[in-house]
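Q: For 1-23, the entry in TrEMBL reads signal peptide. Per TrEMBL, active site, proton acceptor is recorded for Asp83. As annotated by TrEMBL, active site, proton donor applies to Glu262.
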Amino acid sequence: MRRLFLVLALPATIAVPAGDVQATIAVPAGDVQATIAVPAGDVQATAAVPAGDVGATAVAPAGDVQAATAAPPAAVLPADFPDPDVIRAGSTFYAYSTSSGTRHVPVAAAPSATGPWTVRGDALPAKPSWAVSCEADPDCGLWAPDVSRRADGKYLMYFTAPSATAKRRCVGAALSSGPLGPFRPLGDGPIVCDPGEGGAIDPASFVDTGGQRYLLYKNDGNAVRRPAIVWLQRVLPDGVTFVGPRKELIRNDDPREDGIVEAPVLVKRSTRYVLFYSGGPYTGDRYFTGYAVSPSLTGPYTKSASPLMTTATLHGAVQGPGGADVLGDRVFFHGWVNGARWMYTAPLNWTDDVPAVRQAG
């Protein structure tokens, strides 16, 4: 997708008090986001520079204490907006969610990552011809959309829909000239669908450093008592033409996951690839966001000893934090509130290319 990150050396000197003080300094800038750690006695100060689409991190040695930005996750869209996918186009942020209400793919827009967010309508007003109708099956919603901008300037959407013939959920694609849509389905059938594997859900796009495009998705094996696996499939620049065989990245082999891994998002850092995913049943507070790392795009990936976010690590501020997306130095995700899944965001900090969500409490 737009998930490429650069680690740059940014020489800077910032004077902060020594001793046991933690210092955070906000500096306005142009088109670069920078987190600069500067020595100051026993303090490591962090200066956050918000701006455009590039994330830069420079770290200098410090003393015994590292100060990082700490803030509780913000409920930036307090309404049902599950599995949020967030992009930035120009100066506007756009978010897309699993079906909610009468909208197939709700789309929201905001002038900044933290809002204010406004739902702007349905990005995919016409369902694909191969999808089951709501008259035939009330479980007819579209799940976990993913939107990215292709090299030709058009916007590609992946989505999950129940197939009328396969009787399982499958991954489809749609195209639009703009981020608000309307997106129009491509082709007469899904681009990924294997009923024997439980179908395919939770697609995500990834563009590597050299511009090569990939599709990630999960076969829904846990729905048919088979392994649930996150796959990586190389595609042409159109995003829908497959090249070569798929590669397995991770599967549901950790007891913490309750047999479920899903919602993959891949990020390239300077020293490794970081694969974010959700684990556990999405229906409650045991849903969590984990990650796995690899020095190579195709793996092997090693899951972290501790998840990125759980209900407990967020001190109960978010119930079941999952369905996450990463954009720059922020993570977007949903959490349960009175039977709905609200959209939240929190700062995402990196140390030696290892992610962490910092929050007060």
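Each residue's number is its place along the chain shown, starting with 1.
Placed from the backbone N, Cα and C atoms, the Cβ positions cover glycine too.
Curation does not apply to TrEMBL; its annotations are automatic.
Small disclaimer: the values here were computed from a predicted structure and weren't measured.
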Q: Can you check what DSSP calls Asp83 (active site, proton acceptor), collapsed to helix, strand or coil?
A: coil
Q: How far is it from Glu262 (active site, proton donor) to the residue listed as 'active site, proton acceptor', counting Cα to Cα, in Å?
A: 11
Q: Residues with Cβ closer than 8 Å to the Cβ of the residue listed as 'active site, proton acceptor', same chain and 6+ apart in sequence?
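A: Residues satisfying the criterion: Ser97, Thr98, Trp143, Ala144, Pro145, Asp202, Ala263, Gly323, His334, Arg341.
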Q: Where does Glu262 (active site, proton donor) sit in DSSP terms: helix, strand, or coil?
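A: In the DSSP reduction, Glu262 (active site, proton donor) maps to strand.
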